[in-house]
Every structure is written in structure tokens, then in C-alpha cells.
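Data block below; observations after.
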Amino acid sequence: MTRHISSLSLSLSLSLSLSRCFYDLRFVFISSLPSILTQPTMPFTVDPLPWAYDALAAKGISKEQISFHYDKHHKGYATKLNAAAEQNAELAAKTIEEIIKTVTGPAFNSAAQIFNHNFYWKSLCPNGGGAPSGKIAEAIAKDFGSFEKFKEEFTAAANGHFGSGWAWLVKDTTSQKLKIFQTHDAGCVLTEANLKPIICCDVWEHAYYIDYKNDRAAYVNTWWNVVNWSHAESQL
């Protein structure tokens, strides 16, 4: 009988302890709800770099340059867009592409720069550069006469663009031909219904100021050493 009473007492004690523990956990969860519900959802992010920060250093774009460009500038656009989305549920419900095509002002600028930079990183690779081969080489030769002619025209567009912006190789989906296209500041190819981006070169000063100061031509010359022709061909 004594043993039975002891077992019963132990069971009651355990039950009370578990109940108290459950109550404490429930209290902690409920009391934390306000802070959980007010946390921003941060719906907009940037794509991860497709290679390591120092992957292009041997070709002339340093780890420091990539770190500042990606962590400070690129991610900074996502921070700004998320701040705007916290105050605008309609904006928060859109995709990056939808914002670019339907919104103007600061939200457009941030969204377009997120897309542009995502595409820019994919346009570069450690084993890139040189003359292309395969279908992309054939398409360039067909529409520009030769790779050398294309390189000359693209370089002139990138170096000659006044102020900040982007130089693009695009495909005109109406004519099915490749052409060089420029966008100013945060301008984005996605606003052009008949253009499809193939590769791009960022000619904002933040893309090269650590490595090349104000020498954009030196940066563009280095850009040719890291062009990702495999990515370009995948966009045809």
C-alpha cells in the first residue's frame, strides 16, 4: 500500500511539473507574439554570388571590390525595397519583375538595381573571357559581322555612357537579332517588351572605384577577361 501511494504521489508530482512547464512555455509564446507579428517579413533578397568573393581577383577584380559592390551596394537596394514594402502591402505582394514593370520612383530604382546586379554577377565568371564559341559566337558573328567588331562597339558603349548606368547585349525578340543597348542609372531591360538580356556590364562607379578609381576604360578592359559566355549562350 505504501509503495502504491508513493507511486501515485510521484505521478501527481510529475503531472503538476509538466503542467507548470506547459503553462510557462505558453506564457512565453503568447507574450512574444507582439514582437513576432511586428517583425518585417523581408520578402526581397538578392541572389547569392555564383562564385567566391576572391574568385575574380586573379583577373583584376579584387575581393574588396566585390565585397563592397555586393554587400554594400547590391544588398543595400534590397534593404531599401524592404523598408518601402513594410509601409506598402501592395508593393510587398509583388515580385521584383512586377515592380520593375508596374511601379515608378524609388521602389522601381531599388527593384531594378536588384535585378540588374543579379544578372551582372551571372554575366561574370573566373574562367570566362576571351572569344566565345558555340551558338553565342555564331549569333554575334551573324549580327555584328565578327566578335572583334562586337567587342569594339560594346566597349565604346560602356566607356562612352555618360554618368551611371549599364551596357547590355540584348536579343530583340521581334527581329531575333542581337544588339547593344544602354540603360541610364537604374534603367532595366525588363521595361522593354521586345528585349531579352544576354549579358551586361555595370558602369556605375561603384563597380570599379576601389580597383580602378575613375578609370572606367581599365575596368571595362578587365570585364572582357571575365565575361561568362556560357551564361550568355543560355539566354539566347
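Cβ coordinates are placed from backbone N, Cα and C, and glycine is handled just like the others.
Bear in mind that TrEMBL entries carry predicted annotations, made automatically and left uncurated.
According to TrEMBL, the feature signal peptide maps to 1-19.
Marked as domain 'Manganese/iron superoxide dismutase N-terminal' by TrEMBL: 44-124.
Under the three-state DSSP scheme, H206 (Mn(2+) binding site) falls in the helix class. Annotation comment: TrEMBL describes H69, H117, D202, H206 as Mn(2+) binding site.
Marked as domain 'Manganese/iron superoxide dismutase C-terminal' by TrEMBL: 132-234.
Around D202 (Mn(2+) binding site), the C-beta neighbours below 8 angstroms that are at least 6 residues distant in the chain are N116, H117, Y120, W166.
Taking a C-beta cut-off of under 8 angstroms and a sequence separation of 6 or more, H206 (Mn(2+) binding site) has the following same-chain neighbours: F68, H69, H73. In sequence order, Y70, H73, H74, Y120, W204, A207 are the residues of the same chain, not among H69, H117, D202, H206, whose CB sits within 8 A of the CB centroid for the Mn(2+) site.
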